Amino acid sequence: MTNKVSLDKSKIKFVLFEGVHQSALDTLHAAGYTNIDYYKKALDGDELKEAIKDVHFIGLRSRTHLTAEMIEAAPKLIAVGCFCIGTNQVDLNAAKARGIPVFNAPFSNTRSVAELVLGEILLLMRNVPQANAEVHRGVWNKSATGSHEVRGKKLGIIGYGHIGSQLSIIAESLGMDVYFYDIENKLPLGNAKQVRSLEELLSSCDVVSLHVPELPSTKNLMNVARIAQLKQGAILINAARGTVVDIDALAQALKDGKLQGAAIDVFPVEPASINEEFISPLREFDNVILTPHIGGSTAEAQENIGFEVAGKFVKYSDNGSTLSSVNFPEVSLPEHEGTKRLLHIHENRPGILNKLNQIFVEANLNIAAQYLQTDPKIGYVVVDVETNDASPLLTKLKEIDGTIRARVLY
């Protein structure tokens with residue numbers, strides 16, 4: 001089915017920051033979107049405002065920050081895509097208040113992060129980071145002391161989501177006994193076992209790997225008290241969010257010999273560029289693997305992320321689908337022949353849907369299909385109407401008190 005969109009695709013403007021993968025450009029081009037500005041780096045301040053002032057879609061990774069002020073500087077903005085898992089670089093509430101859905105890629109780098117963590121487990125269990133550092137310094141310290149196979153060791157996973165469960169599968173294939181803690185009851189994969197308390201997991205596992213989102217409840221999840229609950233000689237890995245581990249508490253535990261080692265890929269404060277020095281008390285420890293937030297930085301993951309997020313842009317632009325948006329009611333309505341599609345985003349208050357439908361009743365028009373979803377703050381309705389001219393309808397929809405945004409899609 002082919003429909004004439006309300007705005008020619010050549011006039012719909014995209015801007016992509018931070019060198020997102022070519023697959024994103026390919027996906028947009030294949031769908032007919034060619035008006036794309038592309039930046040290999042993050043922008044901020046007035047430079048960012050200038051770059052986004054006339055755009056409809058913004059694509060970014062983790063270093064471009066869309067604050068409420070920046071969102072206001074983009075009056076034509078329709079949607080935002082985070083070409084990564086995290087969305088804390090975007091003011092989600094400010095975007096919602098403007099009727100702007102935000103999309104991300106919660107699945108595409110799952111395998112890459114899980115593989116990095118597994119590799120770190122193998123290296124730390126064999127004391128490879130220390131051995132590597134010593135040999136670089138000319139020290140030939142051939143020893144089996146403290147070096148272990150992973151087979152039969154207990155892996156504790158905190159957060160059994162996409163990455164945590166993927167790690168569970170591949171770790172078990174190497175013979176590890178997998179335990180996990182999650183605030184929700186989850187179906188264990190393979191022979192993994194869910195424990196009922198965080199304390200039980202921390203005190204019993206040889207390796208603990210963190211896979212939780214950045215929330216107020218997870219800030220400094222691994223603090224002095226929790227680190228003290230770890231087994232003597234345990235290994236701690238964080239490839240989740242930088243605020244989850246109290247870095248000073250971890251450094252002290254390493255100084256005290258509490259842990260065999262650690263691997264940290266994310267930090268509370270990270271350099272903005274390669275020209276800025278990375279500062280951390282963890283730099284002094286040979287038994288700590290430090291990586292610059294590269295958990296999802298593989299060619300395969302970045303390619304998949306490009307396809308996934310750009311694909312969500314296309315669906316929202318073409319048919320209004322908001323499936324998997326992180327800040328918006330999820331709506332997807334199949335297309336219907338011989339109709340015009342209108343989108344209406346409004347404050348979630350009583351009577352708005354009734355007023356909306358009354359407009360079609362007064363125009364003596366049949367609604368071929370309608371889909372409404374709400375969250376506590378906003379409602380989003382997609383309407384397919386049997387008419388040849390939707391312009392008068394759009395004018396009336398915009399006049400409804402409580403309307404945030406309304407437009408004719410096609």
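Here the Cβ of each residue, glycine as well, is placed from N, Cα and C on the backbone.
Record features, source Swiss-Prot:
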BINDING   His162, Ile163, Asp182, Ala239, Ala240, Arg241, Asp265, His293, Ile294, Gly295, Gly296  NAD(+) binding site
ACT_SITE  Arg241  active site
ACT_SITE  Glu270  active site
ACT_SITE  His293  active site, proton donor
DOMAIN    341-410  domain 'ACT'
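Overlay of Swiss-Prot feature records on the structure.
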residue: His162; record: NAD(+) binding site; DSSP (3 states): helix
residue: Asp182; record: NAD(+) binding site; DSSP (3 states): coil
residue: Ala240; record: NAD(+) binding site; DSSP (3 states): coil
residue: Asp265; record: NAD(+) binding site; DSSP (3 states): coil
residue: Glu270; record: active site; DSSP (3 states): coil
residue: His293; record: active site, proton donor; DSSP (3 states): coil
For Ile294 (NAD(+) binding site), the number of neighbouring Cβ atoms whose distance to its own Cβ is within 10 Å equals 13
Tally of DSSP helical, extended and coil residues in the domain 'ACT' (341-410): 20 helix, 29 strand, 21 coil
Under a criterion of Cβ-Cβ distance under 8 Å and sequence separation of at least 6, what residues of the same chain contact Gly296 (NAD(+) binding site)? Cys84, Ile85, Ser108, Asn109, Ser112, Val113, Gln302, Ile305
Please work out which residue of His162, Asp182, Asp265, Glu270, His293 has the most C-beta neighbours within 10 angstroms of its C-beta, and give that one of the recorded positions. Asp265
As a test of reading the model: what is the averaged pLDDT for the domain 'ACT' (341-410)? 96
Spatial neighbour of Asp182 (NAD(+) binding site) that is closest, considering only the active-site residues Arg241, Glu270, His293 and their CA atoms: Arg241
Rounded inter-Cα distance in Å - Glu270 (active site), Arg241 (active site): 11
Measuring Cα to Cα, how many angstrom lie between Ile294 (NAD(+) binding site) and Arg241 (active site)? 12
Cα-Cα, whole number of Å: His293 (active site, proton donor) versus Asp265 (NAD(+) binding site)? 5
Can you count the other CB atoms that lie within 10 A of the CB of Arg241 (active site)? 22
